[in-house]
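Working notes for the structure below.
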Amino acid sequence: IQILNNGEGIAVSLDETSCSGFQSRDQYLYAKIDLQIKLVSGNSAGTVTAFYLSSIGEFHDEVDFEFLGRVEGDPYILQTNMFIHGVGKREMQFFLWFDPTDDFHNYTILWTPQHIVQLVDGIPIRELKNEKGKRAPFPTMQPMRIYGSIWNADSWATRGGAVKIDWTKGPFRAWFKNLRVDGCLRSHENSKSNCTKSSTSWLSSTLDNKSKQRMKWAHTKYMFYDYCTDTKRFPKGLPLEC
């Protein structure tokens with residue numbers, strides 16, 4: 001790992017012997033996190049660059065941005081996923097409307113008691129609502145840390161694992177900068193979080209009509225897989241939140 005600009009940025013790298021990543025010292029129970037990322041350029045097949053929230057343990061909660069490496073000339077695939085109480089299989093996959101290797105772009109995770117929203121350059125691409133009425137699971141109890149990493153996933157990441165990492169192109173580097181966190185801190189000593197709705201407007205935020213239209217645009221133009229429509233994968237019925 002390289003620390004850049006007095007801690008304002010981090011470069012992570014992957015080679016044949018090691019991968020790298022970082023995590024936040026603090027853990028949060030609800031937060032709004034923004035992070036700017038510039039992805040591996042050229043042939044990045046087999047690599048995954050990730051920005052995510054996660055708790056610890058077998059029945060962990062997790063919210064993922066995963067950027068699946070590409071053969072040079074192909075588009076990057078952005079895979080979002082969520083684990084709730086240790087259960088994942090909630091993938092949604094997108095192409096991006098820009099080249100994420102040319103410059104930094106902003107990625108946001110908004111986690112509140114009402115919903116989880118993932119945004120790209122301010123455009124919401126995914127919302128998971130807290131559907132108590134459907135008895136659908138939703139992360140409300142376990143605090144999560146912020147993570148970023150790059151790692152070897154050539155068993156599945158590029159063309160279903162058909163294309164492996166070309167180590168002669170390494171080391172593979174991705175850059176993260178300008179982490180901004182507005183969150184409810186959860187201390188080790190105290191089971192309560194130190195935030196209130198009066199001091200954190202994002203905690204009670206909802207998607208307005210403009211945001212919903214922008215998310216519909218992202219789904220119509222750029223989403224190509226949604227677990228909530230994959231009836232073959234869930235022959236006994238789609239997950240409750242769907």
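Glycine is treated like the rest: Cβ placed from N, Cα and C.
Feature annotation from TrEMBL assigns active site, nucleophile to Glu62. Annotation source TrEMBL lists active site, proton donor at Glu66. Positions annotated as domain 'GH16' by TrEMBL: 1-176.
The domain 'GH16' (1-176) scores a mean pLDDT of 96 in the predicted structure.
Every protein chain shown contributes to the tally, and the Cβ of Glu62 (active site, nucleophile) ends up with 19 other Cβ atoms within 10 Å. The Cβ of the residue listed as 'active site, proton donor' lies under 8 Å from the Cβ of Val48, Thr49, Ala50, Tyr52, Leu78, Gln79, Thr80, Asn81, each of these being in the same chain and 6 or more residues away along the sequence.
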